[in-house]
Each structure stands twice: as C-alpha cells, then as structure tokens.
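Trainee: So TrEMBL lists the following for this protein:
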| type | residues | note |
| --- | --- | --- |
| ACT_SITE | B:E342 | active site, proton donor |
| DISULFID | B:C77-B:C124 | disulfide bond |
| DISULFID | B:C296-B:C347 | disulfide bond |
| DISULFID | B:C523-B:C540 | disulfide bond |
| DOMAIN | B:42-158 | domain 'Beta-hexosaminidase eukaryotic type N-terminal' |
| DOMAIN | B:186-505 | domain 'Glycoside hydrolase family 20 catalytic' |
| SIGNAL | B:1-18 | signal peptide |
Protein chains: 2
Amino acid sequence: MYTARLFAALLLAVVCLATQEEYDNDILEEGITLTDSQYGSLWPLPQKVQMSTVVFKLSGASFQIVDAKESSSGASCSLLQNAYRRYFEYIFPSARKQGHVKKKTPASAVSELQVWITSADTECDGFPNVTSDESYQLSVDSPVSVLKASTVWGALRGRRPWCFKHTHAHTKKSINRTEISDFPRFAHRGVLLDTSRHFLPIKVILANLEAMAWNKFNVFHWHIVDDPSFPYLSRTFPQLSQQGAFHPYTHVYTPSDVKMIIEFARLRGIRVVPEFDTPGHTQSWGKGQKDLLTPCYSGASPSGSFGPVNPILNTTYEFMSMFFKEVSTVFPDAYIHLGGDEVDFNCWKSNPDIQKFMEQQGFGTDYSKLESLYIQRILDIVSSTNKHYLIWQEVFDNGVKMKADTVIHVWKGNQQQYQDEMSRVTASGYQVLLSTPWYLNRISYGQDWQATYKADPQDFNGTDAQKKLVVGGEACLWGEYVDATNLTPRLWPRASAVAERLWSDKDVRDLNDAYSRLAQHRCRMVQRGIPAEPLFSGYCAYEYKGV
Amino acid sequence: MYTARLFAALLLAVVCLATQEEYDNDILEEGITLTDSQYGSLWPLPQKVQMSTVVFKLSGASFQIVDAKESSSGASCSLLQNAYRRYFEYIFPSARKQGHVKKKTPASAVSELQVWITSADTECDGFPNVTSDESYQLSVDSPVSVLKASTVWGALRGRRPWCFKHTHAHTKKSINRTEISDFPRFAHRGVLLDTSRHFLPIKVILANLEAMAWNKFNVFHWHIVDDPSFPYLSRTFPQLSQQGAFHPYTHVYTPSDVKMIIEFARLRGIRVVPEFDTPGHTQSWGKGQKDLLTPCYSGASPSGSFGPVNPILNTTYEFMSMFFKEVSTVFPDAYIHLGGDEVDFNCWKSNPDIQKFMEQQGFGTDYSKLESLYIQRILDIVSSTNKHYLIWQEVFDNGVKMKADTVIHVWKGNQQQYQDEMSRVTASGYQVLLSTPWYLNRISYGQDWQATYKADPQDFNGTDAQKKLVVGGEACLWGEYVDATNLTPRLWPRASAVAERLWSDKDVRDLNDAYSRLAQHRCRMVQRGIPAEPLFSGYCAYEYKGV
C-alpha cells in the first residue's frame, strides 16, 4: 500500500552485486533498471584506474600477501602484518589462514600480492598526521601483483581497491588486470561521533573505526564530552567522570579504553582528534569541578543553575592548564579540537561578579569580548603543550586571535552561508574544514545520500590559494537521537558519500555510477558485519546476520 | 557543535530509569529536567491501575509462576508454560531457572504469581482472533499475587505490567502492591512488515514479533510479496519464488519458515494476517507465472514490459483460485489482506485485447470498472475458501461490492482526508482500520513519536455506531529503505506510541507522562536485546550490546 512508483523517476536503483552470481534480477520496480558501473564496487573511486578485460583467478588456497623483497618494511612491522591478515580474511572469509599456501597456483591466477614500502622510514610505529603520504600504486597482474607506497599509510589505503570483483562466493574469486594510481584529494577526512549525549560502548566505536577505514576516512573527531555527560575518565581529575558521567563506571572511557581506541585507529591509519569543548557545552564538567562554571543569578541571588565556564577566576585557568596538559599526553595527535561554539551569554549577564569584571576590562556590554578573552587564554594554554588546534567557526567569527595554522571548522548556515564563510575564513589565510552539509544526524525520508554526495568543500568564491586552504571535511553524527542501537546504520553508507567526495577527484560526480558502486560497497560492509542501511529496494547476497 | 538547546523547549526529556539506582542524573540539557511518571514504566498504560506505596520484595531465588489451583489451564498448556519461562527470565535474567525454589520466602515478599484461567475453554491450543478476550486482572500482593483472565490471550497480555519497578539489578527487585484491571480499547492492533522490497531474515521477524508482544500488538500484517520480489515459497506454484524471489533459496520463506513464524506469533497471542496484493504491485509474480500479467503495448506491438494482473483471461482466475486455496490453508487466520491499491491503468489502456474486452462489457473508458470486475472475482474466490478479507481503501472508494464484514484499511491523504475517509467508510457500515498517520517508514528529524502518539482512530465526524466500526489500526513499516540492518531501531520505540494509542483509554494523552514511561519501556526493550532507538539524550543502565 505504498507507492514506490511515484519515486521511481527520482531514484537511482539497482540491485546490489556484492557478488556477481548467475542469478540476475534486473528489474526492481517498474521503470527502474539496473545500471552497472564499469568500476564495479570501487569506493571511493581511485584518482586513476585502468581496468583491463583480462581476468585472473584468485584462490584462497593459493594466494598470499607478502612484503616485497625491495620493501623497507618487514615482519617486524605489525601494523602491516595486521593489515595483511584483515585484508586476507575479507577476501576469503572462509579460507585457510594467510601464510599456509597449500595448492599450486593455477595458470593465469594471482598468487601473490607484494607490498612494497619505498621510503626508508616506513612510519610503521608512528601515528598518522595531516601531512602523511597516503598515495599508493596498485598493479594487479598474474602471477604477482604489487602494491607500492611511500609509507605504511599509503599501503593501508591501497588495500581496499584490490577487492572488487567476486564471481563466486567463498574461496573462488576472479579479478581483472588493473592499474591504480591513487591519492586523496583532501588530507583531513573525518567522522565526528558524540559520546556525551549518549554513551557509546567501545565495541561500537571500534566497529565504526573499522568501517571508516573501509571508506578511507582518516580522522576520528571524538566529541567526547558535552552538557549531558562527561564519560572521559581523567587521571588528574577523576571526579569529573565520577560525578559527570551517566554512570561512574559503566558509562566511562578509562585511560585503557582511550589507549585501545587510539591504537585500533592507528593500525588503520586513522587519527584520533579529541574535542574538549569550552566555555559552553560544559554542564557535565560542573558536577565534578567546583567553581568551574558561572553561577547564574535570578535577581540579586544565585538561582542554583550554572552557565558557561567562569572566565574571570584564576582557578579556572589553573584547572584548564592541568587538564589540557593531561589531554595533550593522552592523545598523541598533533591537534586538539577546542570547541568554542554556541556560548550563551545570559548567565554571564546575570552574574554581578562578571558584570564588575566586564566594567574593569572596559568591555561595556559586549560579552563576545569576554568570550574572546577566555578562548584566547585557552588557546595559549594548549599552545604551550605544543599542540595545534581546531576550533568551531564562532571563534573566528568573533575575531579571536589565533595561530596561523589553526583550522576553522565550519558548521553553520545554509549552502550560501557556509560557502560565504569558507570564503571569509580562507581570505583571512586560515585553513578550513567543512561540516555544514554533512550533519548526518539530520535525517529525512528517501535517498538523502545524494545531497550529501553533491556538496563540495571547494565550491565557494575564492582564489586558487584560498581553495588550497581547505584541508577537508567531516561527517558529523551528533548524539541526541543515536546510541548503540541505531548509530551504525544511520552513519553507513551515508558517510560513504562524504568519504568519496573527500577522497576522489572533484569531477567524480555521476550519481548513477555512484549509486551502482555504493550499493555494492554497502553490501560489502554488510557482509563484513557492519549494518549499513540500504539505499533503496533490493538485496545483498549476504544479508545482515544481527537484529 | 550542535545545539540541543534550541530544541529544549519543544522536547520532553528525561533520563531512562529502567532500573532506579541511587545514582541520579536529573539534568540532561540546560532547561530540561526529569519528570517521573507515577506509573513507572508501564507501557501501554492499563485501563485501571491502583498502585499502593506498600512495597514487596521479589527475589529470583524464592519466586515462581504457577497455575492457580482453580485454573482451567494446567501443565499441558505449553503456550502458558512457555510464557511463564519467558516472563521469569525477563524479570530475573541471571537467576536460577523457574521452578527450582531454593530459599525460604522472606517476610513481605511476593513468592508466587498464580495464573488463573477462568473459562472452561482456555483456548490454549487455538489461534487468537479478532474477538479473542484479551482482558485480565492482576493483583500484586504478598505472599501470593494473582493474574486472572478468561482465556490464555488475556493471561499473555497480563504478563507485562507485572514487571515495573526494579530497585536493584540482577535478582533483587521490589514491586508495589498493585491492582490492575485491563482490556484493550481496540481489537486489531497491528504492525505491517514488508518482505518484498527487502528480504527480512526469519530472525528479524521473530525478534520483532517478540517486541510486538511486549507492546501488546496482536496482529502481524505480513506484506509478504510485491513488485520487487516474491519470497513466498508456494507449494502449488514453486516457480513464483524460484523466479520471483531475489534469490531462489537464500531469499525465500519456505512452508516450514511460515509455519514457525505463525506458531511463534500464536504463542504470543499474535495473529498472522498475510497480504497478497493484486492486481497491481505484482511485477514479481509475472516472472514465474506466464500470462498472469497484462502485456503492455507500445503502439501496435507489445513493449516487452508488463502491467497489473490480466483481468480478462480465465487462466488468471484459475491460477488465483488455486493460489488462494493454498494460502487459505497455510495461514490459519480468519482474514487475508487482499491489497487492491494503486492500480495503474496505463498498461491496460495500451493493450488492444483489454480495449476490446472493455468494449464488450460496455465499460467505455472507465478502467475502474475493469478493476472492480477483477477485485469482485478475487473476493468471491477468497470467500469460497471461508476467509474474510481486509482491503486497502481504494477498493471501497471504487465502489466494489464487498461482504458486510469486510475491513477497509485506510492509508491515504492528510489528517483531514483520512478522517473524512473514516467517516465515509463507517457511514457505509463497513469496519475500518487506520494506518495513514502511522506510516513509520516515513522519518523526520526529532521526536516524531509525539505526532504518532497524538493521532486517534476515532477522531472523525460520525455517530457512536460509526465509531464502534473502528477495529483498530496498524503501524506500517514499508520496505524501500529498511532491511535487517535498520528495521528494528526504526520500528521501536516509534511503534510503541501506536501500541499505547490502540490499547489504552482514549484519555491517556499526556505527553510528559508518556515520555517518562516510554523512555523506561525502551530501555527495557534494549536490555532484553531489542535495539530500540533512543527518544532523546540520556542513557540506559544496560546499553545495547550489539553493533
């Protein structure tokens, strides 16, 4: 009793061909026919790819992934060894283990993938950063294929294109002769998850880091605390989570949890950038840290409620210095996100001590000057820990002085407004990160991945020099309406649309071709255990096994 | 970087109190405070409930559920024995098994729940139907509590209110002295799932039947086939699924599967009403049944595509007679849903044989007359199998003659339009079922459960006699954008809002009270393994363990 027909003309539909079987089903709904991409299920699309019609066999019984003889990397690089294992298991879910070759390689088969790291410093034990070289070359040939990359980060990105044509289930597959030369369009390709509005169990975070890697995302923006809860267990100030988390031990991230998440991400070439947002969005901080928040007044007396961080007390900055000192050691990434958004001035305005301070400073009634004073001091504190920072756009809008390498994170407005903001920020010489069109918590009925896919972070008025200041973008999944029950299908494959926009060439914009590849890519994610939701009617050869 | 504050005034927020612990968190977002319902987590709210402040202990080590001595039911009623086991395990997830009482009952504890079936015919081995008596009385007292019901169907509905106040996790609980007298407002409280646009694995269907029972739904409307696929394995016409399913053996429901689903539902007091929608929405039927669909013409020759079922061939009706004869034996329910919606006349119009038939019948160019002729014959065929039918509203709108006990299913239009339709249908003396405001496949950002909750199937202009013709309603989750990956969190707890509207008194409409109970009810579903999505920021004591 529901008409898909009405939408048919608007929609791009195709059955999912994660594995191409003899059984074909080329009509889904009247008027909708299958269109298959020449690039199979490649997602995101590489910068350059040449696929020949020559097809090689690929058998789990005779295939292995090894370090190339010339490679600067070897068995001691556990990052790569772990990657080989994961990768092998994805190609051959039910085959014998990697490294135990039993059968002789058949003719015109691929028997080996050699991974060749060319730099003397493989960066195997390091952390990825915004300047990491993620480029790679993949040559699929018989009997030996080669994946060549400067560092391990490129090798990690090169894993996935390898896995594109399965002609049979289980262990027998085939693969076309292919040459890929690939690199990312943008250096910062992030996903924001919010662990304050709902607590996300570690398992959920890890599963989504895995899915991020499949989509070549390289930044996990961890919006770890906010008004509703403070799940970060601080060694210096344990009372913050003891009092501020939803529960003091079932709903917190211990130092071990954080370390594990960072290492899990590193093994997949993903940076973990924590956000500790102040002075607003800090209600949960106030529970465990006396006098940190501004007491709001109702007339002449305190109302009992609290506003943003109190910017006029020395104790505030002493606390923040110690807190960010800890944060700077716990999180190895060169960047910390410092928030700075949506500061509500009403509480500050109500407080007589704040009023007096404003007078002394000659701020008049311009509370954005007070906000700037606070932010300025936080930026200085964080700079002193040798970290760089990202900051939400309001901090730029309010004219706060920032270091030249600050990244401004744009999130507000409609298309025209965010494009204007991108122009202004880059005209001022700052680097910029876009999220406005990628607030994936916002949902609507139908194929909203298309609008997500069309948005481009370099679509704004500006010089080439300005465009180069765009470091990338982030898909944001704010937590008001998501938790462990629905986060993963809400994020995938919608975030995959952002992933291709940020990785592939700017001219990769064909919605039909994207639909075909994305439908297959999502079935691949499902087969690997990630409940990525469907784009439209159809099926996967291997449906999700959970509930 | 996302303002919940903007929504605060519009939203009803509260932390989830599935278990009330000493750890309190009463502020979620600035301006939002906790309001707790006097009815705890009862959902849907019983018709009459009196809760005393007297609290009894409840311990898994000393509690049992037994047949009352006076009960007409006994150990041979496996429906009830299964229910006791499920129920016991929900109250005491980690306790010893039901029936092995080890400890002496402490003073002022509830040691026993006696279940007392009063009718001579318990209906234990029967199937629920639209006239089943679902009323029950529950008296929670110490040491013995009593659940009294005329038949097993009432006893099944009476299970859940029992489980409302947990003061501690694990085996130690407490419960208030309570008297409940309860019965449903409407007899037909359904959920529609669509297994054609995406195939739903059995596991997903069973999990959702379980959740339906927790919400006192009593009809599973199984929209089993449609244009995209035909997963029903027909013993008479196996080629229908061999050719029409997404896959002939991984994406079908075998006779055993169907039987198991029906029995699983029966044990929970849920009817399974299958829908075989014709003459439109039948593309998938045409793959396995030659000449069933109308060949469309492009000018003077067939275009190769097909339209609705061909209504002018005798073979069509021979096929349908055999097919519905099978269906009437496979599905024990007294009703079959016959669809009849959205018939597109363009293909019929293009076909010269159809044109000729129209001329012979004197139908002119009024193709709704041809549709009526077809539907009329299908209704006669199904009537001859001794089944009643439900039908989508178009069949009524088109003036097809129907048996007096036909149920018209309203699904179209905006609020004014569907209320007008409800008036018209009931003025004609037909029974009516409402779904328009409960198309849960339609999603929007925010707490859309509120609009769902506010809709009432008796809100239309009509006499008391007309209002009595409302048999209930159904939450519909059409399958374009849902499959195993996202169905369950999209359905729950949004369908719970429909469940309370259809079960509880019409004056149960307080959104604040509903929010508080529903947030706890959803946490209870999560704890029992159903990924019901959150209503808003907050937490459950036991978060979902899957991904």
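Yeah, the Cβs are placed from backbone N, Cα and C, and that goes for glycine too.
Tell me what's around each of these sites.
Mentor: In the three-state DSSP reading, B:E342 (active site, proton donor) counts as coil. Around the Cβ of B:E342 (active site, proton donor), a 10 Å sphere holds 18 further Cβ atoms from the protein chains shown.
Look at B:C77 (disulfide bond): DSSP puts it in coil. In sequence order, B:T122, B:C124, B:D125, B:V152 make up the list of same-chain residues 6 or more apart from B:C77 (disulfide bond) whose Cβ falls under 8 Å from its Cβ.
Residues within less than 8 Å, Cβ to Cβ, of B:C347 (disulfide bond) and separated from it by at least 6 positions along the same chain comprise B:T294, B:C296, B:S305, B:F306, B:G307, B:P308. Secondary structure at B:C347 (disulfide bond), as computed by DSSP, is helix.
The Cβ of B:C540 (disulfide bond) has 28 other Cβ atoms within 10 Å, all protein chains considered.
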Trainee: What is the Cβ neighbour count of B:C124 (disulfide bond) at a 10 Å cut-off, with all protein chains included?
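Mentor: The answer is 19.
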Trainee: Looking only at DSSP and grouping its letters into three states, which state does B:C296 (disulfide bond) belong to?
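Mentor: Assignment for B:C296 (disulfide bond) reads strand.
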Trainee: Could you tell me the C-alpha distance between B:C540 (disulfide bond) and B:E342 (active site, proton donor) in angstrom, no decimals?
Mentor: 43
Trainee: Highest CB neighbour count within 10 A among the disulfide-bonded residues B:C296, B:C523?
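Mentor: Per the Cβ count, the most surrounded site is B:C523.
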Trainee: Rounded to a whole number, how many Å is the Cα of B:C523 (disulfide bond) away from the Cα of B:E342 (active site, proton donor)?
Mentor: 39
Trainee: Name the recorded positions, out of B:C77, B:C296, B:E342, B:C347, B:C523, that lie close to chain A, meaning a Cβ-Cβ distance under 8 Å, keeping sequence order and answering 'none' if none do.
Mentor: B:E342
Trainee: Quick check on the domain 'Beta-hexosaminidase eukaryotic type N-terminal' (B:42-158): DSSP residue counts for helix, strand, coil, in that order please.
Mentor: 21 helix, 34 strand, 62 coil
